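Structure, as structure tokens:
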Amino acid sequence: MLQGLRRLFSRSLFRRLFGDRVANQTGDGLIQVGTAAHVLFSPEEQPTAAAVALVLAVTMVPYSILGPFAGAFLDRWPRQRVIMVVDSIRLGLALLLGALILTGGRAFGLQLTIMVLVLVATSLNRFLLAGLQAGTAKTVEPSEYLQANTVMALLGPIGVIIAGIIAGAVRLGTGGFLATHQADAIIFVFAAGTFAVSLLVAVRIPRDALGPDVLAAERGPASVTAVGQGLVEALRHLRDRSPAAWAIGLIGVQRLLYGSVMVLIILMYRNHFHPVTDVEPAIADIGLWVGASGVGFVLGPLITNRASGWWGMRVWIIVLFIAEGIIQATVGAILWQPTLIITGLVLGLASQSLKTCTDTLLHAHCDDLFKGRAFAICDMVYNAALVLGSLLVWWVAPADGVSVPVMVGLGLVAVVAGIGFAIGTGRNPQVWQQGAESLRTPAPAADAAQE
């Protein structure tokens, strides 16, 4: 593992892409945390599943609709230039959002403007991350895809953790002398700073270093018809590469589960475990759950790196779904704060482990000509499923989020998904290790037998 990391970080291009993603994902985390703080954690507001679903829908659904079409441009434009342009726009948006929130207004028109700007900022982030994911393949050897994605998968949770620490420090540290809307505005200023850092890192990446191999000038004009045709071609490409198609479908199931549980947790901590007016204690306890989930997000790629070397990605994916489902349906159904934290840890671990496997399978099985669109389609499913999970809770769960049947049902969905995947992919299991060949090692039992 350490030898593989040293090999990855010996490449200057990989290091720069790594640094850019740290800054980008921290900034995105600050935008999301700042928005959630402004909408869900105001003392004047009681959160509902509908409110949470609205926040998720505004930040994720538009790109889920437009993302696959936008992804076509990631296969036409230099991805390094995409980083620079998007970061410049997001820097300005973050400062504008901070200024609007600083006014403290709650008028409908102002709130609508804020949500539209958040929508644009987060959609641009999804577009940018799809480009960065597609460009990762240009920084490593094909046999190192899993190792590279293990490292890159850590950056999402690390960025959110850094963002959470910054936002929590701002909210709690200024609580004695600043109004909540003033503290929220400061969070967006910090977000602007991270986008400036990302822009500075991107300047040091050569223009064509992240691909694509064939640029727009060689493909002709990007008409609406051409972009639509390109999307259809990408879908056909995924259909013909079944491991990639399976991976996208499974990440959708996983994100639906994660979104459902996350909304239930927010409702329970805000409306059941604490009085609605006690915002700070609720934030602190939700922070513990998010922290536990974040630890799982960090551990997931590391464990995936080793487990995929021992047993292969296919077996590991099966284990993830079935184990997660059993724990969710048993431990997660005990609606007690310590058991919910354990469930958060497991859920985060399973979610990011599967994301690592998904990114690896897309890199290994999709041609570079289609990678931008493939990752954009994956992001569409990834985000839309999270929103769908929140809508599911809105439909079936009570206002305080307390529902043992819903928790058990979500666990059963995970178990069924794992079994279905095992049955549907049993004919050609060896293809699931492509992109992780450099990690293939004997399992511990085999080592012991040899000794």
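Cβ atoms are placed via backbone N, Cα and C, with glycine included.
The transmembrane segment annotation in TrEMBL covers 49-70, 82-102, 108-129, 150-173, 185-203, 244-269, 281-303, 315-335, 341-362, 374-396, 402-423.
Looking at 244-269, 341-362, 374-396, 402-423, the range that has the most CB pairs within less than 8 A of the transmembrane segment (281-303) turns out to be 341-362. Within its own chain, the transmembrane segment (185-203) is flanked in space by residues 16, 19-20, 23-24, 26-27, 30-31, 33-34, 37, 80, 83-84, 87-88, 90-91, 94-95, 97-99, 101-102, 166-167, 170-171, 174, 178, which lie at least six positions past its ends and keep a Cβ under 8 Å from the stretch. In summary, the transmembrane segment (341-362) does not lie against the transmembrane segment (108-129): fewer than three C-beta pairs, each 6 or more positions apart in sequence, are under 8 Å. With pairs at least 6 apart in sequence, the transmembrane segment (374-396) and the transmembrane segment (244-269) have 3 or more Cβ pairs within the 8 Å limit; the two touch. Listed as Cβ neighbours of the transmembrane segment (150-173) (distance under 8 Å, sequence separation of 6 or more from its ends, same chain) are residues 5, 8, 18, 21-22, 24-30, 32-34, 37, 133, 136, 180, 183-184, 186-187, 190, 280, 283, 287, 290-291, 294, 297-298, 300-302, 304-305, 348, 352, 355-356, 359. Sequence-distant contacts of the transmembrane segment (374-396) (same chain, six or more residues past either end, CB-CB distance under 8 Å): 48-50, 52-53, 56-57, 60-61, 63-65, 67-68, 70-72, 74, 126-127, 129-131, 133-134, 234-235, 237-238, 244, 247-249, 251-264, 267, 355, 358-359, 362, 366, 403, 406.
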